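Record features (TrEMBL):
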type    : residues                                             : note
BINDING : 23, 24, 65, 68, 69, 70, 131, 132, 133, 174, 184, 221 : ATP binding site
BINDING : 69                                                   : Mg(2+) binding site
BINDING : 313, 318                                             : DNA binding site
DOMAIN  : 54-185                                               : domain 'AAA+ ATPase'
REGION  : 185-255                                              : region 'Small ATPAse domain (RuvB-S)'
REGION  : 258-349                                              : region 'Head domain (RuvB-H)'
Ligand SMILES: Nc1ncnc2c1ncn2[C@@H]1O[C@H](COP(=O)(O)OP(=O)(O)OP(=O)(O)O)[C@@H](O)[C@H]1O
Ligand SMILES: [Mg+2]
């Protein structure tokens, strides 16, 4: 099954990065939602500014599209520091990382996206750099190899990961502050939408904003994307005004359902209910059945389904709740799990 999940995928699509750059909040005060993270981070940054020292290294964990890259850029902006951006997969050899670390300016912010995908040798080099602002450059091979210690400028590492569980403990422990990014409330996404609509000069009344917000899968990236699609629809069919009716009609057309479930979400639930009688079924079996990588199902689909009370991760496998049967228009069997029961008895997330 090849799922066309462009519209509600939390991953950025084709030319979306450029559009996103224009909509990105630039300062902490403009960043909507994630109140706790914002407050903790502002303390970390302010005290660093007062002491005139680079702040502790910051780890941001959370699903795609929740604002990790945005926050990394904000951290540099708030510190008035330059920002260097790279990603785990780009750091294949220790030398790749050494080249970056040795040219950092004092106080620079180094952003490593997908930090859980960094290669082992680079990771070990990073431990020392984070802790002692030092790297050991190995020259030569075999018994004749020597290591030359090299001091590097004090810097702040900002790491982002969608899978904090995959980070080795020694790396995780070297971050002074971890920001857990969670799904946004619909009311917060409404604010994101108003802000974007203003920047895009879209006429977005309150009822239209609400309709889009509640179908946005708790994710700002998706909210912004749905706004663009609904705007297109409104321009052609409704003189540009995004009312609730216009938003609902457009989103139905684009197959975003009333709870914001996308095709992968519905495919996962569909397979779980129709083929496995509601579970429990293992992650890899489920992934094969919907034709996706287990990681995609685990990182992209499941957290949202769990949050909506439609699916639970239990020690024996994935289980659909009674609400999931109802959502797909099916009758739950008498022994189907209620969301509350699953949460208390089985949920290990
Ligand atoms: N709190 C927020 N307020 C306003 N807009 C936001 C917020 N968080 C994210 N956005 C918007 O959502 C888009 C995606 O955010 P961002 O690129 O930071 O996500 P991410 O967590 O880095 O995703 P990925 O895991 O795919 O790298 C950005 O263009 C930004 O405009
Ligand atoms: Mg990002």
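Counting begins at 1 with the first residue displayed.
Placement of Cβ uses the backbone N, Cα and C atoms for every residue, glycine included.
What TrEMBL annotates, mapped onto the structure for a quick look.
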residue	record	Cβ within 10 Å
23	ATP binding site	17
65	ATP binding site	27
69	ATP binding site	20
131	ATP binding site	12
133	ATP binding site	16
184	ATP binding site	25
313	DNA binding site	20
318	DNA binding site	24
Annotated binding-site residues 131, 133, 184, 313, 318, filtered by Cβ under 6 Å to ligand 1: none
The domain 'AAA+ ATPase' (54-185), counted residue by residue under DSSP: helix, strand, coil: 50 helix, 36 strand, 46 coil
C-alpha spacing of residue 313 (DNA binding site) relative to residue 65 (ATP binding site), in angstrom: 23
Nearest-integer angstrom distance between the alpha carbons (Cα) of residue 313 (DNA binding site) and residue 184 (ATP binding site): 21
Per-state residue totals over the region 'Head domain (RuvB-H)' (258-349) - DSSP helix, strand, coil: 48 helix, 11 strand, 33 coil
Filtered binding-site residues, from 23, 65, 69, 184, 318, whose Cβ is under 6 Å from an atom of ligand 2: 69
Pairwise Cα distance maximum in Å, ATP-binding residues per record: 23, 24, 65, 68, 69, 70, 131, 132, 133, 174, 184, 221: 37
